[in-house]
Amino acid sequence: MMTQHFFQDGAPGPLQAVLLGGGARAVAGVIMLPVTCGRFKYSSVFGALRSVCVTEGPAALFSGFMATLLRDVPFSGIYVMFYSQAKAALPTAPPPPPPSITSPVGCSRVLASLITQPADVVKTQVQVNTHLRTAEAIRHIYREQKLQGFFRGAVPRALRRTMMAAMAWTVYEQMMARFGLKS
């Protein structure tokens, strides 16, 4: 929607793509954070939201909010920038074929995942250890594992994010082509 609204006459440049991706992810993060923390086992989303609000207060729904934004906004901004630049450099063939891991588009997902891996580790620590704030989690990770602690799980995360993004962007591109909209 943001691309359609702000760039009716052309494609976004690299900085605009970073802002589009980061802005879209910030909005999604605010909306989705209360239902994405996996440390609770409830029978329904509504039951979980009600229980957390009653036992811990509504602020608990946004545990790890800053850490999540520090991870997701740069990831999406970097990814959308690399994606839009790679897409502009590739020959057009409507509808585009599904991107592969080895394409420039696939490489952009891996690169964005690796760049934002430290923020993902911090976000996970904040959500798992609810007594930690973002700065405390950073100190804790460094104290326990030094710099390599910020890159724990980088390969599985990059692969998972790459596969998820490949599916999501393939569906997105196919839908935009089907409806005749600019992607």
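Glycine is treated like the rest: Cβ placed from N, Cα and C.
Nobody curates TrEMBL annotations by hand; they come from automatic prediction.
Taken verbatim from TrEMBL:
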type   : residues : note
REPEAT : 12-89    : repeat 'Solcar'
REPEAT : 98-178   : repeat 'Solcar'
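DSSP states for the repeat 'Solcar' (98-178), grouped as helix (H, G, I), strand (E, B) and coil, give 66 helix, 0 strand, 15 coil.
Looking at the repeat 'Solcar' (12-89) alone, the prediction's average pLDDT is 79. With helix defined as DSSP H, G or I and strand as E or B, the repeat 'Solcar' (12-89) counts 65 helix, 0 strand, 13 coil.
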